[in-house]
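What TrEMBL lists as signal peptide is 1-17. The annotation domain 'C-type lectin' is assigned in TrEMBL to 28-163. Marked as domain 'EGF-like' by TrEMBL: 320-357. The disulfide bond feature in TrEMBL is assigned to 324-334.
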């Protein structure tokens, strides 16, 4: 909806480009833009905008992107087949690091804002913590609607656009004769005239009018809450003024009246201004029942509500929008408030840039051996020879001897076990069963061995079963 309003706003004011060499000018209802067809570094572009009282354009959201798109589209109409790259006010300062989890990837808008829910990266920025990087958008006939972001060296050369905010605008001055007006805008040293087809001029614009060898001037100012010219015109009127030349200077309809005179009129829904030549929308909101704001249209008025509210059934009052009913918190806990809402993250999530993101508990050493992260949680696992405890967060040794793993004797160890055999037996290579020792000895020697062994503890042949031997 915001994108539609911006484009509609530009259309209503009829903003068109003014070409002054390497500079194009476009004005909307509350701002002017200059597009500079010269390759400069990011810092030079930023300072040129600041020196003239503006700032390097940004595309923090779809609305700002639409504004820039409108400017480039109009320039494209004048410069066919023009492909170029253009700086936007997004920068990674030296010493700051690329952060892949953030929408801006660690970059910051030159206005100082570090957060933005909107991004339009063509590809991931180069990973760095030591290099200054700046962002460009590319425009071409083949991809004019993309304006994708690409990071590059801030010393590259690219075109740039400046934005200048104004509280109000004035319509072009009315001329009744065949002379010309030169407009000097507050942010530009290049004067414009009516041939540049601008249909909105910002507060503070100085106009010079020359009629029949005489010079006149007028300034766009705020008077009694209305933006207008100190001398509205029409200028250069003659005794032979008629509707045949530029509609007699009338905004809408011109009527030839007395000899040498004209009379202006307006279309339905408009009223004639105090200057008797311009037309303004009828003021339907003077006694409207709107609770918050009234907007005048050509055929009447409509009520609007602030963000977070919507019109009630009678279309006059405003009621709160329950964003929690629209899953505004993506399944996390949502608390509705008047005109807004608050998200509280579920267990296993944390708030990042206004949204809940999964916590990777495995980076916090939650498990002693193996940790597997999952959405909103995690699980611990153990290596062979251990099992997960009842609390699910620790590993305890498995006593393999309880399951009679050894044929003869079994000794449990941490993470494994050890089999052993009685005298005159030895362990099989499988490490589990016992086999008779077939060493050939004489009966006497054997008897002597038995007698000697009576005086000593029983000898046992043992082997430790490793985890690998045990399972293989």
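Here the Cβ of each residue, glycine as well, is placed from N, Cα and C on the backbone.
TrEMBL labels come from automatic prediction, so no person has curated them.
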Query raised in the report: Taking the domain 'EGF-like' (320-357) alone, what is its mean pLDDT?
Result: 84
Report task. Please work out the number of neighbouring Cβ atoms within 10 Å of the Cβ of residue 334 (disulfide bond), leaving out its own Cβ. Result -> 18
Query raised in the report: Tally of helix, strand and coil residues over the domain 'C-type lectin' (28-163) according to DSSP?
Result: 30 helix, 42 strand, 64 coil
